[in-house]
Amino acid sequence: MMRGSRFLLSRASLYHRLRSDHHHHSFSSFIKRSSIQRSPAINAFFTDPSPSPSPVNARVFFFSTSTSTPNQDQTKTASSKKILRTISSYLWMKDNPELRFRVIAALACLIGAKFLNVQVPFLFKLSIDLLSSYSSSTITDSNPYLLAAFATPSSVLIGYGIARSGSSAFNELRTAVFSKVSLRTIRSVSRKVLSHLHDLDLRYHLNRETGALNRIIDRGSRAINTILSAMVFNVVPTILEISMVTGILAYNFGPVFALITSLSVGSYIAFTLVVTQYRTKFRKAMNQADNDASTRAIDSLVNYETVKYFNNEDYEARKYDDLLGRYEDAALQTQKSLAFLDFGQSFIFSTALSTSMVLCSQGIMNGEMTVGDLVMVNGLLFQLSLPLYFLGGVYRETVQGLVDMKSLFQLLEERSDIGDKDTETKLPPLVLRGGSISFENVHFSYLPERKILDGISFEVPAGKSVAIVGSSGSGKSTILRMIFRFFDTDSGNVRIDGQDIKEVTLESLRSCIGVVPQDTVLFNDTIFHNIHYGNLSATEEEVYDAARRAVIHDTIMKFPDKYSTAVGERGLMLSGGEKQRVALARAFLKSPAILLCDEATNALDSKTEAEIMKTFRSLASNRTCIFIAHRLTTAMQCDEIIVMEKGKVVEKGTHQVLLEKSGRYAKLWTQQNSTLEV
């Protein structure tokens, strides 16, 4: 019989590992992992990471040997409760009756599965006693159950099979019914995260690491399913099943068996808590190495051309391999500690099972118990082993899910420095009365020690065009970012038609401004989509007209797929001039009241530039335009030219007036003409 017990224990362990592998493969569709990582059950505990030097504002994992202070512990508890409250709200969506019905149906399937599962050891005991008995009277005496009065071994064994199959069917049905709830939750949270990231200011996105951010979002989204499943189908049912088994053993076989069960469960849980706490640092190291490797790979691929220019393929591979080595080392430590954890859990359960079997065998020899009783005790303990194994795994996965969710929630708690003010009354929209722009003693710096704008003041009259020229780093592009409110001033004001842009809604401000950036990055989609993006309500003919005004229509029509041509990652399938003209077409399609162009023609040849400047002049009619101009031939066609140097306005006037002053602009003009002559 002990061989049978060991066999059952082995089955429990195998079943547990198969389920772990199943979870791992279901998650692999979201994100690829190194093969050394076995399953989400390789785990970490929920701790409150200290700030990291990462540019993602420490929104990545790290490892530390420092201990937590009481305040940190309170923060961790509060964070865990907040996460669980948020996840719980998705279980019972008040505005979605279908999902609420699915939760109720899944719980009903859970109850049905547990009810049938409890019948299995009873039916198995009865069949053993029936087969061990030689007369119906003996059968009835040894089995004081109503079923024993009319049962036959075959019918009981058929019932045994039905109970096992029914329990499995209810479990699978529960999974199928509940899957839409978890998937809808993942969808809702993922959309919320993306929307929140778009709401954050430019400063945050300039400092972030795309690879690490992608990992945080992926792991956080996957953790939602883990935590939801644990809350509904693992934690409470496991506690219920442990209580039921302990009660049945105490009622049928005495308090000794109940005591053995209680001690083994307590030891199992305590051992799992202690060892998993120790394993926290390894999982955090894995997360950090995973983030770093992902960031390195993405950065290397994004800069594919630069890598090729300098023949640094081997260097990139070595750097990536070094980070993978860090991940491998941390994963190896995780695997070793997991093996120790699994062995300890198996040892505790094996000890409890062996002790119970010895007591049963003594009871049989003393005539106090039947062979069926031994089988029933074995079955109940084996039945208890599965939730115990799952309790450890679910606990580890849930805690790891909390770690991943906390990082995701920290991302959601990021607040933008740029946005509509939090006031009791909503900010009014911008009221356009022509589109005049004024800077009033504006100071700004990206870093305290580096001044970008140093008290600049100027005005662009409504419907006029102004060119801003100057050497690199003089603050020209920053001015455009200030107008669009990518950044706010350190002091001073920026006004449009006399209205402080901080005192109007961002949506109304940005809806009336068109921007052609210096570095044009296109979506990995068709040319039509990239132009149409400027005004999603525009018709096809309006898109074609915008392309004609940007002098790109004829070029597009020569492509095999015409407007359906894919531009590739970041528009790399197009030349620099083609990308810039697509960006111009996009701005033309928006047809804004204010147009901001940051060296919009610097990648164009002289002929194309002349054609586009004609279009600009027609577009600029009755519109306020600001051009950041590297080519002074572009600047000379504007109504006024502003010359900047070291964050200050040093000259203002028309092209002819500035040439007559023989100042900074005149020198720039002479330098460019000399270069052209050479």
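Any Cβ shown, glycine's included, is placed from N, Cα and C.
Note that this is a predicted model, so its numbers are computed, not measured.
Residues or ranges marked as ATP binding site in Swiss-Prot: Y446, G470, S471, S472, G473, S474, G475, K476, S477, T478, I479, L480, R481. Packing around I479 (ATP binding site) is summarised by its Cβ count: 26 other Cβ atoms lie within 10 angstroms of its Cβ, all protein chains included.
Sequence annotations record features per position, and here Swiss-Prot assigns domain 'ABC transmembrane type-1' to 103-400 based on sequence analysis.
Marked as domain 'ABC transporter' by Swiss-Prot on the basis of sequence analysis: 437-671.
What Swiss-Prot lists as transit peptide is 1-63.
The transmembrane segment feature in Swiss-Prot is assigned to 104-124 (among others).
According to Swiss-Prot, the feature transmembrane segment maps to 143-163 (among others).
Taken from Swiss-Prot, the feature transmembrane segment applies to 230-250 (among others). Within the chain, the transmembrane segment (230-250) has long-range Cβ neighbours (under 8 A, six or more residues past its boundaries) at 84, 87-88, 91, 103, 106-107, 110, 114, 117-118, 174, 178, 257-258, 261-262, 265, 377, 380-381, 383-384, 387-388, 390-391, 394, 397-398, 401.
Outside the transmembrane segment (255-275) by six or more residues, the chain places 242, 245-247, 249, 337, 340-341, 344-345, 348-349, 351-352, 355-356, 359, 377, 381, 384, 388, 391-392, 395-396 with a CB less than 8 A from a CB of the stretch. The transmembrane segment feature in Swiss-Prot is assigned to 255-275 (among others).
Under the heading transmembrane segment, Swiss-Prot lists 338-358 (among others).
According to Swiss-Prot, the transmembrane segment annotation covers 374-394 (among others), on the basis of sequence analysis.
Shown are the binding-site residues S471, S477; the one with the most C-beta atoms within 10 angstroms of its own C-beta is S477. Listed as Cβ neighbours of the transmembrane segment (104-124) (distance under 8 Å, sequence separation of 6 or more from its ends, same chain) are residues 145, 156-157, 159-160, 163-164, 166-168, 170-171, 173-174, 177-178, 181, 232-233, 237, 240-241, 244, 248, 372, 375-376, 379-380, 383. For Y446 (ATP binding site), the same-chain residues 6+ apart in sequence whose C-beta sits under 8 angstroms from its C-beta are I452. Put simply, the two farthest-apart Cα atoms among Y446, G470, S471, S472, G473, S474, G475, K476, S477, T478, I479, L480, R481, the recorded binders of ATP, are 19 Å from each other. Fewest other C-beta atoms within 10 Å: among the binding-site residues G473, G475, that description fits G473.
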